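Visitor: From TrEMBL, here are the annotated features:
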- B:25-44: transmembrane segment (TRANSMEM)
- B:64-85: transmembrane segment (TRANSMEM)
- B:92-116: transmembrane segment (TRANSMEM)
- B:128-147: transmembrane segment (TRANSMEM)
- B:154-174: transmembrane segment (TRANSMEM)
- B:180-203: transmembrane segment (TRANSMEM)
- B:210-228: transmembrane segment (TRANSMEM)
- B:268-285: transmembrane segment (TRANSMEM)
- B:318-337: transmembrane segment (TRANSMEM)
- B:349-372: transmembrane segment (TRANSMEM)
- B:393-411: transmembrane segment (TRANSMEM)
Amino acid sequence: MTNPNPASGSPDKEPATEAQESLSEARATPTQPAGDTEQTVPATATAKRPSPAGEARPSMGRMFLDNLWAANTVTVTVLAVLLAMVVGAVLIIVSDPEVLATYGYITARPTDALNASWTVVSEAYANLFKGAIFDPDAVGFTAAMSPISETLTYAAPLVFTGLSVALAFRGGLFNIGAQGQATIGVILAAVAGFALPLPPVVHLLVALIAGALGGALWGFIPGILKARAGAHEVINTIMLNYVAVYFLTWIVVQSGVQDPNRADAISKPVDSSAQLPRLLGDDLRVHAGILLAVAATWFIAWLLNRSTLGFELRAVGANPDAARTAGISVTKTYVLVMVFAGMLAGLGGSTMVLGTTATALTPLVIAQIGFDGILVALLGRVKPWGVLLAALLFGALQAGGNRMQSYSGISLELVTVLQALIVIFIAAPALVKTIFQLRAARAARLQTSLAKGW
Amino acid sequence: MSTTAVPEVAVTAVDEGFWTRNRKIGAVLLALGVLAAVLFGALATDQHARFTLSETEGGAALEINGTVGAILFGLITAASGGALLAGVPKRWFTLLLGAGLVAFVLSFLCWQVSAAPEGRNFMPLVNVVRGTFILALPLIFGALAGVLCERSGVVNVAIEGQLLMGAFSGALFGSMSGSVWVGLAAAAIGGAFISFLLAVFSIRYLVDQVVMGIVLNLLAVGITGFLYERLMQTDAAKYNSAPRFGNWEIPLLSDIPLIGPALFRGNIFLYLGLLLVLVIHLALFRTRWGLRTRSVGEHPTAADTLGVKVLRLRYRNVILAGLVAGVGGASYTLALYSFTKNMIGGKGFIALAALIFGRWSPTGALLAALFFGFADQLATYLGAIGSSIPSQFLAMLPYLATILAVAGLVGKVRAPAADGKPYIKG
């Protein structure tokens, strides 16, 4: 086999090479349905890679075994989750004074320390699992479905914000502003939800559209500034996040918005005609937002891979100069990408207040969905269906974390730690590869990020 | 280097024909001045607006009739705007812009102070100056951390996390040891821990630096929040009652009116912060290390060919930045408050804004931090005198100012050329 790229001469690919080739990320991974085939935009990047064409094709089973311990997307993701949970376990142990006390005499009676550690960690993670997926002790339909319902409820807004960040990434922009876009979205959705007297279905649609438009407006600003003045979208979106938060804290206490029966900062509740219907009866929180999320995922996948706009968007993301030479309007694409990204984030914010998570605006109504969306997008390898799966994982962690907090007394913040760690390990596949001595994957494309400096 | 901040975007040529950038800004300033003279002048009352040189109502004071002051200062703003519009030499630009903006703020203050209810229509300047510095302090440390990182080519979005980790470990180890100095050292190390992660992942593993910064912020929020709930909430006396640095009065200097009581009766962090600005400024522009740092931030390949160890220098600077930011975090927990969850609350991002607004220079960052601190202090003050201006809008000011700055409306902002680009020795 001849190797056209001397920089990656060794079979064990160095991270440097992955970074150089990060422009293209064409490869269907086992996590993806067949419909989501990604096309490479710059043909040069594909040519750089050592081609396996010259080798004899091994059998399917052999290939599966080879890939199992190679640094491919699935293996790295699973190992990253595992590593994060190990670090989380260490945090649980060192923050428990009773368990820590047993380490004082670990040389005399090591079993004490190990048993105590195992008990506290396994109980915490068992509750995480029971809260997120299935509780074997649950009796009846509602109790059995409750964990899944919670997971889906938490996942729905994350799908939207994750798609928002991922879409911008594909267009070569880093949208840190999903938080702000979701904030403006939730404001408009809520105001439309309680201020407009409309019949049921229309009211919901109007509220959702209002939320999407609010987010779109907040995405348009950094988009136009980037396109017209060359202002970096990372800086502007960070700043706009805070502008949006202060706007929210201001508007909830204005008369006409604030709940007249309350003294604290909370708005009037959204009318029932504007609320997303619940899917599994009134006792379970899961609502139609998750269906919208799946639809949005499908739409973004179609947009990216099948539409003209998607092609232009990926071309601009891969190489704006080349795209401009090819006759694509880079400025128009930047603005459109940010408008679409803002729209998605705005919808994500809307589902928070139109769904079952909250019924009225408060300063913290959307929690951290915008920032979590960044993690979700990276974990999902900035691909639509990957984002959906990543959001489900994060939703599960959130739902399980709630149970872990109330049953094991482990602070919900541990979930934040786990989420951040998972993404750190994902973002540095070379680290995971080194720790577990993984084989280099066949043509694996593990580098996730596409943003470039300031 | 002629590269702009975002070279891949075609920046439409601004300076063409009559409407140069200076003229446009002059026009905006003129409009602001007229607005101030008319609107603030009409809203201000005939009460006197008193600016006292003490902490209370009494003592020496500058006094001006509210309406007269608002109109007068508004006209000054308009005049400087008009001068810019008429086309004065370029060297006058900064002076005129500065004078115009200061006069605009004064016009605004004349209206606000004179319109305040009787008995509260005065502004104690000592409190305002002191509050400005106290509120600016974490921003100064954070922005300096940003300068150290970004001048050598590593984007530091993790300032928030470094401040938070510094505040947390300062509180934790300060309480456990009972010594402020141990707390201070621990805070510096805490900040350095986050920046060490940033260094390893962005330099060794080539992870996108902005991504890494965002994730590290979340990690810091998570770890400190988790340990806060597990340790500090259960046993606050043991884990969250750090000793605090007292105020040190500097003889002679503290007797200067206005500045003395505001600046020279502060705590160690105030002196340290101002000293660091000076030290980092001199080091960056006058020493060998500074030259190397800047060259690595602008053109690492060229620096490498001249024998500068690019990666080693970046490691060292990023970790130094973490030490500085960690101390900045301690300026909360070892001087003002006990630790609470997510207590930095976005200050790290304002510090980032100050860094950008100050154009990546230590002195610029100081001025930007003071401006943002002043906006913050003004919001507090206006709330206290029962102003009609919602404090939230004043709180937005730093962020809006930064957006205007990077959009090129207030002078060109240019990052170090290699900022955010990992260096691969080839």
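Heads up, the Cβ atoms here are built off N, Cα and C, so glycines get one too.
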Visitor: Residues of the same chain, at least six outside the transmembrane segment (B:268-285), with any C-beta under 8 angstroms of its C-beta?
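Guide: Sequence-remote neighbours of the transmembrane segment (B:268-285) are 133-134, 137, 140-141, 144, 147-148, 151, 245, 248, 293-294, 324, 327-328, 330-331, 334-335, 361-363, 365-366.
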Visitor: Run the contact check on the transmembrane segment (B:210-228) against the transmembrane segment (B:92-116): 3 or more C-beta pairs under 8 Å, excluding pairs closer than 6 in sequence.
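Guide: Result for the transmembrane segment (B:210-228) with the transmembrane segment (B:92-116) is no.
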Visitor: Cβ under 8 Å to the transmembrane segment (B:25-44), counting only same-chain residues 6 or more beyond its ends: which ones?
Guide: 66-67, 69-71, 73-86, 96-97, 100-101, 103-104, 107-108, 110-111, 114-115, 409-410
Visitor: Counting only pairs 6 or more apart in sequence, are there at least 3 Cβ pairs under 8 Å between the transmembrane segment (B:92-116) and the transmembrane segment (B:64-85)?
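Guide: Taking Cβ pairs at least 6 residues apart, the transmembrane segment (B:64-85) and the transmembrane segment (B:92-116) are in contact, with 3 or more under 8 Å.
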Visitor: Can at least 3 Cβ pairs under 8 A be found between the transmembrane segment (B:154-174) and the transmembrane segment (B:349-372), with each pair 6 or more apart in sequence?
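Guide: Between the transmembrane segment (B:349-372) and the transmembrane segment (B:154-174), which are separate recorded stretches, there is contact, as judged by 3 or more close Cβ pairs.
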Visitor: Does the transmembrane segment (B:349-372) reach the transmembrane segment (B:128-147), going by 3 or more CB pairs under 8 Å (6 or more apart in sequence)?
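Guide: With 3 or more qualifying Cβ pairs, these stretches touch.
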Visitor: Is the number of Cβ-Cβ pairs under 8 Å between the transmembrane segment (B:318-337) and the transmembrane segment (B:128-147) three or more, considering only pairs separated by 6 or more positions?
Guide: yes
Visitor: Other than its close neighbours in sequence, what residues sit by the transmembrane segment (B:64-85), given a CB gap under 8 Å and a spacing of at least six beyond its ends?
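Guide: Beyond its ends, the transmembrane segment (B:64-85) has Cβ neighbours at 22-23, 25-38, 40-41, 43-49, 92-93, 96-97, 99-101, 103-104, 106-108, 110-111, 113-115.
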